[in-house]
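Summarising the annotation, TrEMBL assigns Mg(2+) binding site to Asp45, Asp84, Glu115. Under the heading 3-methyl-2-oxobutanoate binding site, TrEMBL lists Asp45, Ser46, Asp84, Lys113. Positions annotated as active site, proton acceptor by TrEMBL: Glu182.
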Amino acid sequence: MNKVTTKTLFEKKQKGEKITMITAYDYTFAKIFDSCMVDILLVGDSLGMVILGYDSTIPVTMDDMEHHVRAVSRGAKYSMVVADMPFLSYHTTVEEAVKNAGRLIRAGAYAVKMEGCDDVYDKIEAVIKAQIPVMGHLGLTPQSVNIFGGYDLRAKEEAEAKKLVEDAKKLEKAGVFAIVLEKVPAHVAKEVQRSVNVPVIGIGAGPYCDGQVLVCYDMLGMYEDFKPKFVKRYAEVGNIIKDAVKRYIEEVKKGEFPGKEHSY
Ligand code: KIV
Ligand code: NA
């Protein structure tokens, strides 16, 4: 199978075929997810929380992102690798935004993701002009957590919902190839999905989106610090790991491991 491109995603939306996306942060997970033929691997700045243990995505740096993008891209043969541009890496000047987007592309990403619309519009345009595909991100934008004062549901009110649809259209006009839509009511997401030709990929945005994304550590049941309603746990890998490590400890203590078959 050919590697997933922006064209593949656009065609999927045209045909009404759902797009699948999952976060990945390292080579081994990337390789496993890629073998499942997921369309997009997102090296999300959620790595600040699930990999680095911060309580938000704000502390994540370009160096952090580059490091993980390199690892993931080595494991992706089929899936498209998209890298989040971290906090403050695209907010100062267009030059800075293009330079930082370029670093993530050189590290192996196919495209970058940028949160917001009006505040960073000129930067999104500049990165696309530099021939770097950009994925938008609207609704709940975690890098703005301290401006909003939390991670509440967005676009609950009519006015905010209208603005969201307008923003999605503006991003489409700027040339983004897809838009992530986070934590908004399902009927609002439906309106956004209908209003643009680019694929809308939801997280906590209901069933009408063109695709879905989840944080791998959430859907695998490994991240326990908090559990949003929109997460479905497809496995309890955290428990599987705990059982395995407990057995290992026990066997080492009892002298049962290593056995003859593991020894030279
Ligand atoms: O960082 C991330 O994992 C994300 C997804 C939740 C969309 O931006
Ligand atoms: Na993110």
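Glycine too: its Cβ is placed from the backbone N, Cα and C atoms.
Predicted automatically and left uncurated, TrEMBL annotations should be read as such.
Over all protein chains present, the Cβ of Asp84 (Mg(2+) binding site) has 30 other Cβ atoms lying within 10 Å. Taking a Cβ cut-off of under 6 Å from any atom of ligand 2, the recorded positions Asp84, Glu115, Glu182 reduce to Asp84. In the three-state DSSP classification, Glu115 (Mg(2+) binding site) falls within a strand. Checking the recorded positions (Asp84, Glu115, Glu182) against Ser46 (3-methyl-2-oxobutanoate binding site) with a 10 Å Cα-Cα cut-off leaves Asp84. Checked against ligand 1, the binding-site residues Asp45, Ser46, Asp84, Glu115 give Asp45, Ser46, Asp84 as the ones with a Cβ under 6 Å from it, listed in sequence order. When the recorded positions Asp45, Glu115, Glu182 are scored by other C-beta atoms within 10 Å, Asp45 scores highest.
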